[in-house]
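First the structure, which I've put down as structure tokens, then a few questions once you've had a look.
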Amino acid sequence: MGPMCLNRHMGILLKNISTLLTLQGAAAKQGRRIKEEDLSLLQQAAVVIEKNKIVWVGPQKKLPKEFARKKALRDYDMRGRTVLPGFVECHTHLIFAGDRAAEFEMRNQGVSYQEIAAKGGGILSTMKKTRASSLNDLVKAGQRRLDHFVSQGVTTVEIKSGYALNLKDELKMLQAAQKLSGIRTVNTFLGAHALPPEFKSYEDYLTFLADEVLPVVAKKKLARRVDVFIEKGFFPPEASEKYLRRAQELGFEILIHADQMSLSGGSEIAVRLGALSGDHLLQIEDKEIRKLAQSEVTGVLLPTADLYTKTKYPPARAMIDAGVRVALATDFNPGTSPTQNLNLVGLLARLEMKMSLPEVIAAYTVGGAHALNLQNEVGSLEVGKSADILCIDQDWQTLFYSVGEASEKVVFSRGKKVFGTLK
């Protein structure tokens, strides 16, 4: 807490906040072993915003006089609302064309994923539609989806490519993601998502990506992160590790779709290379959990994908108790998690993965911020951080409690109101 210099241009005062969840304690613990006290609750609080940043946060009765002057700040009366950091949605496949609803019905009728893929379905089905889609159409669909995330209180969204699987159209996907507006977005290059029909082996395709695509993505600054789907029968560990090392040489941050279907070494590679995150992690065991706990790798858990694919859930309780920092996300994609519902993610985390509500809130704020290497900017409400703020008209304990929850929300991104109405 404490003031920074307030310059002369108009700032914002959020006052009459009933309960403020700053998450300062969770941020100080880097998102590990979260307890309720780490939400750092303040009653009857206020927040001051200047130049898109938080410059003061604390009990309203302690608001410095220079911030209380009407001429200096625009007042927003929270009227007893609850205020917390905007959610960080750290794993999505937001840019794509078409849907895979017919495949969903086929899976429910007993057709295997492998059979669907053999018939030209799966990721390759989305690939065909995405390659054929115009940049403008991808932007329009992506903006609509992004706005839906914003309406739920999300202020940062990660967006992966990976549904084009060639140079021209992977760049098109990343360009579409860059054109989205309203909140902070983070691009990830996921060319290593599936094997396109133009290639016969995963190793040859990884070589193509490393030699022909990564340098172009780096030069055009279309993404700052590189992801790969390491799995038995898909991208092999050894070739994937070589590919990720090349990405690091080019200046990319790295992350891994790891140990989703089998224990295939993805999480261990993540630790060895210093990846930002290992995502999915359904199959990891005690040895992998211990290594993750001793590292800076964030475990990104995606329970709606597990729900849709009817698989087991990751061992979240064992991970958290061992000291692994975890994040939660939707894995929004047209095939295995066609949902943007944050409440469902959090509810599954509580019901199926035995996470406490404070752990879920921290995972969707501080944990997500670490997964994106944005922990110094977002995830908690502290002086100097971005004014990414969610205001709700309900008690904080109603968060991630009802799938159909419909609280009235107001959302600020970088100090600008981007959703909701305040009088």
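Note: Cβ is positioned from N, Cα and C throughout, glycine not excepted.
Reproduced below are the annotations present in Swiss-Prot:
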type    : residues                     : note
BINDING : H91, H93, H257, D331         : Zn(2+) binding site
BINDING : H91, H93, H257, D331         : Fe(3+) binding site
BINDING : R100, Y163, H193, Q260, T336 : 4-imidazolone-5-propanoate binding site
BINDING : Y163, N333, G335             : N-formimidoyl-L-glutamate binding site
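Describe each of these features in terms of where it is and what it packs against.
In the three-state DSSP assignment, the secondary structure recorded for H257 (Zn(2+) binding site) is strand. A sphere of 10 angstroms centred on the C-beta of H257 (Zn(2+) binding site) encloses 29 other C-beta atoms.
Annotation note: T336 (4-imidazolone-5-propanoate binding site) sits in a coil segment as assigned by DSSP. Neighbour density for T336 (4-imidazolone-5-propanoate binding site): within 10 A of its CB lie 23 other CB atoms from the protein chains shown.
Counting only same-chain residues at least 6 apart in sequence, those with a Cβ under 8 Å from the Cβ of G335 (N-formimidoyl-L-glutamate binding site) are R100, E103, G122, I123, T126.
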Can you tell me the CA-to-CA distance separating N333 (N-formimidoyl-L-glutamate binding site) and Q260 (4-imidazolone-5-propanoate binding site), as a whole number of Å?
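Computed Cα spacing between N333 (N-formimidoyl-L-glutamate binding site) and Q260 (4-imidazolone-5-propanoate binding site) is 16 Å.
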For T336 (4-imidazolone-5-propanoate binding site), identify the closest of the binding-site residues H91, H93, H257, judging by Cα separation.
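Nearest by Cα distance to T336 (4-imidazolone-5-propanoate binding site): H93.
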Listing them in sequence order, which of the binding-site residues H91, H93, D331 have their Cα within 10 Å of that of Y163 (4-imidazolone-5-propanoate binding site)?
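Within 10 Å of Y163 (4-imidazolone-5-propanoate binding site): H93.
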Taking the Cα atoms as reference points, how far is Q260 (4-imidazolone-5-propanoate binding site) from D331 (Zn(2+) binding site) in Å?
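D331 (Zn(2+) binding site) has its Cα 13 Å from the Cα of Q260 (4-imidazolone-5-propanoate binding site).
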Give the sequence-ordered list of residues that share a chain with D331 (Zn(2+) binding site), lie 6 or more positions from it, and have CB atoms under 8 Å from its CB.
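H91, T92, H93, D279, L302, T304, A305, S337 - these are the non-local Cβ neighbours of D331 (Zn(2+) binding site), listed in sequence order.
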Whose Cβ, among the binding-site residues H91, H93, R100, H193, has more other Cβ atoms within 10 Å than any of the rest?
H91
